[in-house]
Amino acid sequence: MSSQGNKYEYGELADKLILAYSKRRLFKAIGTKRDRQQQFSRLDNKDKRFISKLIDVSNSNEKHKIPSELDIALDCIDLAKIYEGVDKREYERESKAKDPNLIYEDFIVLELLHYFKHDFFKWVNKPECSRCKQSSNNIVPTGNSGPPSINPSEISIIENYKCTKCNIAVSFPRYNNPIKLLETKSGRCGEWVNCFIFILRALLGSQSQIRYVWNHEDHVWCEYYSLGLKRWIHLDPCEGVFDEPNLYCENWGKKMSWCFAFGETYIMDVSDKYITKSDKQINKLESVSSLKNIKEFIDTLNDDKLVRYYSNMALTASDENRNLMRLYQEVILIHNSEKFNKENKIEVSRTHNIPTGRQTGDAEWTKSRGEDGNE
């Protein structure tokens, strides 16, 4: 038999093995999904609270991916200014051999980071009084209240203040709906990341891979998968930094316990990527009772995502083999590759001249959070 015939047979055999593996993986995930409620009931209250938070974060990131909604984002930003900067970066790469591994998509991300921080979004320490337009010592906190019963703007909490100069109430609703944030263009790290991800998804298109990163010690950021660099890239829109996973521990001096990345197809514990100094690692057992239970339940949540992804494919395409092959290539292979390569340390490109300590938020606030760069 010719070598060409052997290659065809080997390729056909490989496809059969992949299809069989994908089918077994799918059936296992379906079975695990049925047992999820029972698995949750066996957890103690500490682990239940932690898992419930992960579920809430995961669910919130399933929203606002409809193309018609994403088009709203494109109508709200200065595309001409962004693409002018992208073209300049591409010219510098070609003429000065600068950033040779970055591709056009990476330049879009870099330029959006700059535009979003310097031209589009505003940081809020305290809300501004509607009458005197001041937001300094005249604004004093008076407590928090819950969201309204009808809540299209997805308010998580309302911070209440009083202007001592005007003697009027001032409120600061913490919006999660990115469409609302396109109007307000202001907030703290949660609002910044929600709005930034929404715009980034609109710019890069439906095939882009973007995920939300949640830290248990009250910070959030995001990542996208760079086809040029062939890995997940850290982005912090609040700070305007690109590919700086060492930022939090080594620059801010922040102590952390857990960091999770929430993508469309799976959740990944990325604590090792971002907690880069052993003296900044908070014992994970301070927030949970069983590391094993948390890992197993995250596996269950990932099974849910896998089943949902396959079900959505099956709604539009009836070819089972094709759907199983797509499931392998678009979900299983990527997840397994990241899971098995977590221990490989990747040399990251560093942004030049990053100042020490967190730049967003006032000095008292960053110091209270252990993010001011002082050990």
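Even glycines carry a Cβ here, placed using N, Cα and C.
Taken straight from Swiss-Prot:
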BINDING   Cys129, Cys132, Cys163, Cys166  Zn(2+) binding site
ACT_SITE  Cys189  active site, nucleophile
ACT_SITE  His219  active site
ACT_SITE  Asp236  active site
BINDING   Glu239  substrate binding site
REGION    345-375  region 'Disordered'
COMPBIAS  364-375  compositional bias 'Basic and acidic residues'
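Neighbour counts were taken as the number of other C-beta atoms within 10 angstroms of each residue's C-beta; across the recorded positions Cys132, Cys163, Cys189, the minimum falls on Cys132. Within 10 Å of the C-beta of His219 (active site) we count 23 further C-beta atoms, all protein chains included. Non-local neighbourhood of Asp236 (active site): Trp221, Cys222, Glu244, Leu247, each in the same chain, at least six residues away, with C-beta under 8 Å from its C-beta. Taking the Cβ of Cys166 (Zn(2+) binding site) as centre and 10 Å as the limit, one finds 14 other Cβ atoms among all the protein chains shown. Geometry remark: Cys132 (Zn(2+) binding site) versus His219 (active site), CA distance 31 Å. The separation of His219 (active site) from the residue listed as 'substrate binding site', Cα to Cα, is 12 Å. Residues Ser130, Arg131, Lys133, Gln134, Asn138, Ile139, Thr164, Lys165, Asn167, Ile168, Val170 surround the recorded Zn(2+) site, their Cβ atoms falling within 8 Å of the Cβ centroid of Cys129, Cys132, Cys163, Cys166, which are themselves excluded. Under the three-state DSSP scheme, Cys163 (Zn(2+) binding site) falls in the strand class.
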